[in-house]
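Visitor: Feature list, courtesy of TrEMBL:
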- 1-378: domain 'Major facilitator superfamily (MFS) profile' (DOMAIN)
- 9-27: transmembrane segment (TRANSMEM)
- 33-56: transmembrane segment (TRANSMEM)
- 68-89: transmembrane segment (TRANSMEM)
- 95-114: transmembrane segment (TRANSMEM)
- 191-210: transmembrane segment (TRANSMEM)
- 230-248: transmembrane segment (TRANSMEM)
- 255-278: transmembrane segment (TRANSMEM)
- 284-311: transmembrane segment (TRANSMEM)
- 323-344: transmembrane segment (TRANSMEM)
- 356-374: transmembrane segment (TRANSMEM)
Amino acid sequence: MLNRFGHKTCMILINVPFLVSQIMLFYANSVGTLYVCSMLMGLSVGYSGGPTSAYIGEVCEPKLRGALMSVTNVFYYAGSFLFTLIYAFTLDWRLTVLIGMSIPIVNIVILFMTPQSPMWLLTKGKSLKAQRTLAKLRGWPSQETGSSKEFKEMIAFTSTAVHDNDDIEKDEKGATSSWGQLLRPEVYRPFRLLMVYFFYANLMSGVQYGPYLLQIFTDFGAPVNVEFTLAFSVLLSTIGGILTIFFISKFGKRFLTLSALLICSICYIMIGLIGVYWTNSKPLTAWLVLIFFLTTIFLASFGIMPIAWILLSEIFPMKSRNITCSAGTAFGYLMTFFMIKYYLDFSNFVNFYNTFTIFGISGLFGAVYFYFYLPETENKTLQDISAFFK
């Protein structure tokens, strides 16, 4: 659908099942309806990853791409915090859902005023429209855009998507196929890196603990209101996402990834060791494990999770970007599914606190892997990044 209709149309379509699912959820009176709503929401979330990531990667300047992609995570966390807080005050989930119906409506209105991706327009042979669109995005006079270095680089970059003779794969109709690109080094190498990154981003951000946070905060035993602690944890994620916007261009993705991953791993190991071996000072240990856990939530939203989605938007070549961004999103959510699905079984098998120790040790191995294989992509053009993986 991305290749056929473009990013803007696909991003508008995302909001339709979102809105339908929320209307159904508001009027739901059976468990079956709740499952259907959950399925619609899940399909919408999965559908949104490819178009939004590819769009941001294509329309942003290299020096702003990381920061602006981080903004999407800020809004994600801010939305989670807002509606978690609304529910904490109202304790009425139907009212919370009713308020949430405004979001897809506002999205649709804004997206109708959003320009298409100039790169997508170039792949469709609409160079004049792409030139005007780029001028609108950059605030340039339209007549200057055609001679700009960026527009010339876009033409060169997108030409590989239309006239790539190194690897001509034909489908049944004889048209050039994007699927053949998946076997090329500049595609499968970044895809492999992205899958490893998604795994550790999910692991260190506590995705596997997400649906059970209320129970986990209760098990920690700290004398806190668990509902407001949950809202506070989302607030920390929001703050971490905001800090990413300001610091990613200064420190780069490698430094933020390695430092956050190491500290999160150490915090996880400390939680596991305290929970298993230091059990005779309950008030103190309860506060310690809660602080360590909230620290991992903050750092994961600062230096790991936003960068995973930034990498998704920038490390793939033009010809395969629509497929790889969507496939990367799908596999990322598939990992999330299995982590959440089998967390309880794993926790029952190894003990609750031992899960933190195991995940923390795994994170240390991840830091070693990224030290050797994660390139610095900050402030580099999409052409330079693609060339690195060849």
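Cβ coordinates come from backbone N, Cα and C, glycine included.
Map the listed features onto the structure and describe their local environment.
Guide: Counting same-chain residues at least six beyond the ends of the transmembrane segment (68-89), those with a Cβ under 8 angstroms from any Cβ of the stretch are 52-53, 56-57, 60, 95-96, 99-100, 103, 227-228, 230-231, 234-235, 237-238, 240-242, 244-245, 248, 301, 305-306, 309-310, 313-314.
Same-chain residues lying 6 or more positions outside the transmembrane segment (230-248) and placing a CB less than 8 Å from one of its CB atoms are 66-67, 70-71, 73-74, 76-78, 80-81, 84-85, 88, 213-214, 217, 256, 294, 297-303, 306-307, 310, 378.
Same-chain residues lying 6 or more positions outside the transmembrane segment (284-311) and placing a CB less than 8 Å from one of its CB atoms are 53, 65-66, 69-70, 72-73, 77, 190, 193-194, 197-198, 200-201, 204-206, 216-217, 220-224, 229, 232-233, 236-241, 243-244, 247-248, 253, 256-257, 259-261, 263-264, 267-268, 270-271, 274-275, 278, 332, 377.
Non-local neighbours of the transmembrane segment (356-374) in the same chain are 193, 196-197, 199-200, 203-204, 208, 253-254, 257-258, 261-262, 264-273, 275-276, 350; each lies 6+ residues outside the stretch with a CB under 8 Å from one of its CB atoms.
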Visitor: Okay, the transmembrane segment (95-114) and the transmembrane segment (9-27): do they have at least three CB pairs under 8 Å, pairs separated by 6 or more?
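Guide: The transmembrane segment (95-114) and the transmembrane segment (9-27): touching, yes.
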Visitor: With CB pairs under 8 Å as the measure, which of the listed stretches 33-56, 95-114, 255-278 comes out on top against the transmembrane segment (191-210)?
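Guide: Stretch with the highest Cβ contact count: 255-278.
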Visitor: Across the domain 'Major facilitator superfamily (MFS) profile' (1-378), what does the mean pLDDT come to, as a whole number?
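Guide: 84, rounded to a whole number.
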